[in-house]
Each structure stands twice: as structure tokens, then as C-alpha cells.
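The next block holds one structure in the form of C-alpha cells; read it before the comments.
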Ligand SMILES: Nc1nc2c(ncn2[C@@H]2O[C@@H]3COP(=O)(O)O[C@H]4[C@@H](O)[C@H](n5cnc6c(=O)[nH]c(N)nc65)O[C@@H]4COP(=O)(O)O[C@H]3[C@H]2O)c(=O)[nH]1
């Protein structure tokens with residue numbers, strides 16, 4: 001209900017006001033109207049009164065005028081006339097005034113008439129007075145009568161006029177009276193309604209106000225309750241806010257502190273990443289400031305120990321008596337302080353709030369700290385990710401105990417990690433620097449450092465005439481077999497021990513460096529005479545010759561040493577090393593375990609070897625090689641039994657290069673491997689071609705170098721090439737030199753056995769030049785021995801050679817080996833060899849090595865001549881010609 005009232009209160013009030021004021025509206029309008037009328041009536045009454053007054057005056061004036069005129073006429077009295085005239089004038093004026101108040105056409109007309117009559121009367125009177133005639137008198141009378149008529153008419157008109165006006169006035173009055181009556185009743189009704197309305201309004205207002213009051217009270221109570229609860233909530237919120245502000249302040253402080261710490265951390269890390277070495281005093285000062293301590297220091301241990309080696313501290317001023325410091329720490333082994341040591345070792349922070357309160361087990365530490373005036377201390381190990389403790393950081397309060405906040409400890413942990421990284425990095429860099437200049441295995445200077453020192457020596461040699469140097473290039477002779485047979489670890493151990501021996505063989509100012517593998521170089525400083533150098537070399541050789549005891553075994557090694565002496569013409573260290581290397585190589589080729597002094601000739605040879613190597617590579621790519629075939633003939637029948645394939649290099653712009661000029665270089669550089677393979681493939685293809693051409697099968701011997709035997713899978717390659725050419729293995733003979741076979745006997749036996757198993761024949765070339773005995777060769781699955789040309793050369797003149805050849809042939813035959821005599825150049829040699837029982841002959845006597853087509857032509861020609869000789873012999877009844885040559 002209240003809600004309803006509240007909602008419609010305004011509408012209700014408007015309705016009540018309408019009820020009250022609707023009836024009131026009419027009287028009000030009426031009142032407004034009558035009030036106009038009343039004023040009008042009052043004006044009318046006033047005007048009526050004025051008018052009445054004037055009318056009375058006019059009537060009096062008219063009466064007096066009439067009387068005066070009558071008197072003047074009657075008595076002919078001038079004075080009466082004048083007075084009448086004046087009266088007439090006054091009357092006229094009055095009439096005029098009256099008409100002004102109440103205009104009336106009739107009156108106006110009458111006034112004019114009266115005025116005219118009065119003037120006429122005056123005129124007549126004047127005439128009468130001057131000459132009284134009858135006519136005049138009659139005229140005056142007439143006129144007078146007219147005047148009287150006019151006055152009467154005037155009077156009448158005036159009377160009507162007056163009546164009219166009075167009636168009108170009365171009507172108006174009645175009208176006004178009726179209006180007044182109505183007005184009064186309206187006023188009364190209005191008053192009553194007003195009162196009722198007001199009462200109703202009052203009542204309603206009262207009702208509303210009561211309700212409103214009730215509602216207000218309720219609202220009030222509710223508001224009070226609300227206020228109360230809000231107050232409580234506000235209070236609580238206030239409290240919460242207060243707490244929050246406090247917390248926020250605390251957090252803000254924490255954040256600021258953390259930011260400060262992070263900033264410090266950033267600065268500290270920045271200091272540690274500077275390209276230049278950091279100033280640890282500034283670093284510590286920075287940390288001491290954030291930790292609010294008076295002293296800070298970083299302690300570093302000696303490598304792989306806990307002996308305090310280095311201390312960085314802040315402040316840097318020398319520690320005065322009574323001041324805390326690190327003086328007592330230097331040189332201390334932390335292991336003598338087990339309690340402290342244990343914490344550092346296990347990478348734990350050590351936060352001592354009060355040194356005096358340290359446990360009994362830390363008695364020693366307490367004594368140390370107290371001696372160094374340390375009251376409180378925070379120590380963090382500098383521990384690398386590789387679990388190595390490099391040292392520790394310390395923050396010290398020298399005056400009073402204090403607590404250490406965990407946030408600070410955490411930050412310092414990060415700092416200690418940064419430090420550990422920095423020191424580890426520095427260590428790694430040092431190691432890198434060391435590695436860049438030193439050999440990892442032997443810790444000797446490496447090529448770079450050696451070159452550096454050698455450059456200095458070259459410069460010094462140029463500047464000081466009395467100064468010279470010498471470089472030795474040393475290469476172990478059988479190091480590979482040590483590695484292969486005893487393993488790399490023993491090999492490494494040998495190199496380490498050798499390094500020590502080399503260092504012991506030279507003066508402290510000299511440099512022993514390892515170039516690679518088993519190659520060492522030695523720079524002998526301030527050495528002028530070559531004899532002196534040789535004495536040093538001999539000393540080195542003596543040292544090396546002594547057996548090495550490795551893995552319980554006695555190992556003997558030797559070295560080939562190249563010597564070069566410094567001179568002012570050397571422009572680079574490389575050139576010096578190169579010459580020493582050439583000399584060393586010369587020593588190797590001279591039979592190893594010796595030294596060789598470099599000379600210019602060696603250099604030229606080396607240069608040409610390099611050129612050849614370069615060209616050989618190109619020759620392989622450009623297919624510049626060709627096989628020539630030197631026939632091998634049966635000593636008994638003279639038939640071509642086979643051929644030796646000999647490589648030729650058709651060098652563009654040069655012509656044919658002999659294998660003697662490039663095969664040794666190819667062997668040195670390893671190019672012999674692809675070249676040898678090429679020769680084997682080419683030989684297989686030629687034989688296949690000949691067979692395809694319908695020729696008789698011929699066995700072709702292909703030269704294989706020692707390197708091929710050692711490094712290549714010769715049987716595998718041969719099998720593949722034979723398969724490629726679809727060739728019977730028995731048509732290929734592998735020719736190996738005696739020295740190649742004797743180099744690595746076990747390996748050679750295994751390879752040759754495999755070749756033999758494949759049905760590939762094996763021949764030993766240049767037999768007799770080496771030291772192998774036939775009995776030794778029994779171990780190899782050999783088919784043929786080729787007697788070296790040097791023996792054949794002297795066979796006719798030299799009895800020894802003849803004897804040797806004879807015994808070789810006899811023994812070979814006893815071992816079931818066939819014999820080929822190489823380099824047979826004349827018939828005598830041939831005859832003798834045939835007498836000695838040689839099986840096959842190769843040499844210029846029959847033919848030089850020939851290109852394939854010419855070789856075939858030779859084979860054909862030989863067969864033809866043999867046939868012809870055979871025919872002739874048959875005809876002559878003798879032996880066939882082939883049996884003799
Ligand atoms: N003065 C004289 N010399 C004669 C006579 N009969 C043959 N010769 C030469 O003696 C050499 C025989 O070849 P070698 O002893 O295997 O000696 C060969 C061989 O060791 C090597 N060689 C040739 N071709 C190859 C090859 O394909 N591979 C390998 N690894 N070495 C090859 O080159 C060496 C030289 O070959 P070449 O210059 O062709 O020289 C050939 C040949 O021309 C003669 O009656 N008098």
C-alpha cells in the first residue's frame with residue numbers, strides 16, 4: 001500500500017488540487033471579471049456624480065439665463081442681457097464640459113442651437129435697444145419664443161438624456177449588484193472548498209507524512225543497521241587495507257631490495273664478463289655495499305687442492321692490528337679446519353651469526369676467526385658446474401653478531417656461481433691458450449709456438465751476426481709398428497717418454513716441439529758450427545737408442561733426423577722446417593736411423609717432387625697414363641709367354657715420362673694407390689681385349705708397390721677388377737719388389753696367401769738386391785723370381801754375378817719357382833742364362849716395352865718368325881729355331 005501511495009502520491013495530490021480548484025476557477029474568473037466591472041462602475045458613479053453636478057449647474061445656469069434674458073427683454077436691461085450673455089457663455093462652456101464627460105449628439109445640437117439663439121437674442125436685444133421697432137420687438141419675441149423652445153427642447157433633451165443616463169447607470173448598478181451577489185456566493189463556496197480541500201490535503205498530507213515518517217523510520221533503522229554493518233565492513237576493510245598496505249610496503253621494500261640485489265647482481269655479472277680482467281676490489285665493494293658489511297674477500301685455492309693460494313679483498317688497505325682481515329688465511333690448507341672444510345667441500349653456504357656461538361667441533365675455526373677479528377661471517381663456496389671447488393667468498397662483520405637473510409644468501413649463491421663460471425672460463429681460456437701453443441699429449445710446444453720461436457730466431461740471426469740457430473727434424477723409424485703391435489696407449493707413452501729424453505738432450509733455452517704423430521722439431525739456439533749440431537744430434541740418438549720400458553716390454557726405436565742451419569736468407573719459419581724435413585726424408589731414404597744435413601740440392605729435388613705430385617694428380621684426372629708391355633719370352637722355346645705391364649705418363653707438352661721419375665714420388669705421396677689401381681685395371685682390360693680378339697692367352701705381370709701391399713685391400717681390388725674384365729685370375733701376375741715383401745712380413749704373407757688362393761700368380765721383382773734368403777721366401781706363396789738387371793749386366797764379365805745367378809736358379813727350381821732374367825740385352829747374356837737354366841727372358845734384346853698395339857704386332861711377328869724358323873729347321877732336319885733364341 002505504502003508503495004502504491006508512494007508511487008501515486010504526486011498524482012493524488014494533483015487530483016485533490018484539481019477537485020479543489022476546479023470549482024474555484026469559475027468564481028475566480030468571475031471575480032476577476034467583476035473586479036473590472038466594479039472599477040468601471042466606480043468610474044461610472046464618479047462620472048455620474050460629476051455629470052449630475054454639472055447637469056444641476058447647467059440647469060441652474062439655463063434657468064438663470066432664461067431669467068436674465070427674460071428680464072433683459074422685459075426690462076430692456078443691458079446689464080441683465082450682459083449677464084445673460086455671460087451666462088450663455090458659461091452655459092456653453094458647461095455644456096461643452098458636460099459633453100466631454102458624456103457625449104450626446106442631441107445635446108451638442110441643442111447647445112449649438114442655444115448658442116445661436118442666445119447670439120440672436122443678444123443681437124435683437126441690441127437692435128431693440130438702439131431702435132425699438134415693432135418688427136424688432138416681434139422678432140425679439142419670436143426669437144425669445146424660439147429661445148424658450150430651444151431651452152425647453154434643451155431641457156427636454158437634457159431631461160431625457162439625464163434619465164437615460166440614470167437608467168443606464170441603474171442597470172449597471174443592478175448588474176453590479178447581481179455580480180456582487182454571485183461574487184459573494186462564489187467567495188463563500190470558494191472559501192468552503194478551500195477549507196475542505198485544505199483539510200483533505202492536510203489529512204492526506206498527514207497520512208502521507210505518517211506513512212512517510214514510518215517509512216522513514218524503517219528506512220532509518222535499516223539505514224542505521226546498514227550503516228552499522230557497513231561500518232563493521234569498513235572497519236574490517238580498513239584493517240585489511242592497513243594490513244595490505246603494510247604487506248605491500250613490506251613487499252615493495254622486498255622488491256626494492258631484490259631489485260637492488262638484482263641490479264648488483266647485474267653489475268657484478270657485467271664486471272665478470274668484461275673483456276678486461278675485473279677489478280675484484282670494486283666487485284667486492286659492490287657486494288659489500290648490498291650486504292652492508294665492512295669487509296669482503298674472495299679466496300681461491302691452489303689447483304685441485306684446498307690450500308688458499310690467492311685472496312682478493314675489500315677494502316684493500318693493509319690490515320691493521322685489531323682489524324678483521326685475511327692475513328691469517330693465506331697459505332692455510334682448509335683441510336686443517338674440518339668443520340669449515342666440510343661445508344665448503346659440499347658446496348654449502350656458511351652463515352655464522354656469532355663466531356662466539358660456534359659449536360665445540362668448530363673450535364679451531366673459532367680461534368682462526370677470532371684471531372682475524374671476525375664476529376659474524378657469511379661464506380659461500382665458489383663451486384663450478386663440474387663439481388670443482390675453486391674457493392669461496394666471505395662477507396664479514398668485524399664488530400658485532402648479525403643475522404644473514406636468506407634472500408641475501410640466495411643472491412650471493414648466484415654471485416658465487418657467476419664467479420665460479422668466471423674462474424672456470426678463465427681456466428678454460430688459459431687451457432685453450434695453452435692448448436693453442438702446446439701439444440696435449442707431451443705438453444711440448446706445438447708447431448705454432450715452435451714457429452713463433454723460430455721466427456724470432458730468424459730475425460735475431462738477421463740482426464746479430466754472431467748468432468745462429470739450427471733446426472732438427474726428427475721422425476721415428478718404426479713408430480707405426482709400435483702402435484700397431486702394442487697399441488696406441490703404449491705408442492702415446494713412448495712419445496711422452498721420448499719427449500722427456502729429447503728435452504734432456506738439449507739446453508734449457510732450446511725448444512723441443514712436437515709437430516704431429518712421431519714428428520718432432522728442435523730449435524737449437526746460439527749454435528754456429530755444424531759439428532756442434534751434430535754432437536747434439538748424436539746425444540739425441542744416444543738417448544733414443546736406450547730401450548724404452550713400456551708395459552713391461554723393452555722397446556727399441558730409432559729416428560731419422562734432418563738438420564738445417566739457420567742463415568740470413570731464410571724468410572720464414574716454414575721454410576726452415578721444410579728444409580729440415582727434406583733432410584730428414586733424405587736420412588730416411590738413406591736407410592733410416594741416421595741424420596742428414598740439408599743442402600740446396602735436396603731442396604731442388606723436393607721442389608720438383610712437389611711439382612710432380614701436383615701434375616700426377618692432374619694426370620690421373622685427365623687420363624694421361626698409358627700401359628706399355630715388355631714381352632717376356634720362354635728361354636727354351638723363344639715364344640712370348642707373357643709381358644710386363646709398365647706404366648707411361650704422356651705428359652702434355654713434355655712427352656713420355658719414365659716411371660722411374662714419378663713412381664717414387666707417387667709412392668711418397670700415396671698417389672701410387674690410385675695409380676696402381678689404374679694400372680691393374682688397364683692391364684685386365686688389355687688382356688680381355690686380346691682374348692676377345694681371339695689371341696692366345698698371355699700372362700701379364702703388373703707392378704705393385706709396397707704401399708699398395710700395406711695400405712690397400714689388394715686382393716679385394718684385384719678380384720673386383722678381374723670380375724669387371726671377366727678375366728681368369730691366372731692371366732694376371734702381381735709383381736712385388738723384394739723390399740715390399742720384406743717390409744711387413746706377416747701382413748705380406750696374409751695378402752699374398754689371399755692372392756694365391758684367388759689363383760693370381762706372384763712374382764718377386766729385383767730379386768738379389770735385398771737381403772732375403774730363398775729359405776725365407778719359402779714362407780711366401782711365390783711363383784716367380786725376377787733376377788735383377790744389375791746381376792744380368794755383369795753376368796758375362798763378373799764370375800760372382802754368374803755364380804749368384806746360377807745358385808739362385810738352382811735353388812729357385814728346387815723350390816718350384818720359375819726364374820725370369822730381367823734386362824737381357826744381348827745374345828751372349830741370353831745364351832748364358834739359357835745354359836744356367838733360366839726359364840724366361842725379358843730385356844731389350846728382344847724388345848723394349850711397347851704400346852699395346854705394337855706389343856701385339858711383336859707377338860704376331862715372333863710367332864710368325866718362330867713358325868718360319870721351325871719350318872726351315874724341319875726342312876733342314878734340325879731342331880726348331882725357337883729352341884735356340
Ligand atoms: N737398361 C735396360 N732396361 C731394361 C731392359 N729391359 C727392361 N728394362 C727396364 O727395366 C724396367 C723393368 O721394370 P721394373 O724392374 O719392374 O721397374 C719398374 C717398376 O719398378 C716401375 N714401374 C713401372 N710401371 C709400374 C707400375 O705400373 N706400377 C709400379 N708400382 N711400378 C711400376 O718403374 C720401374 C722402371 O720401369 P721402366 O722405366 O719401364 O723400366 C723397365 C724396363 O724398361 C734392358 O734390357 N736394359
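We number each residue from 1, going along the chain as drawn.
Here the Cβ of each residue, glycine as well, is placed from N, Cα and C on the backbone.
What you see is a predicted model, and the numbers here were worked out from it, not measured in a lab.
Within the listed segments 117-139, 140-162, 163-185, 186-208, TrEMBL records transmembrane segment for the stretch 186-208. Residue ranges 10-44, 80-114, 220-254 are listed, and TrEMBL annotates 220-254 among them as coiled coil. Computed over the coiled coil (220-254), the whole-number mean pLDDT of the model equals 82. Across the domain 'GGDEF' (467-600), DSSP classifies residues as 60 helix, 35 strand, 39 coil.
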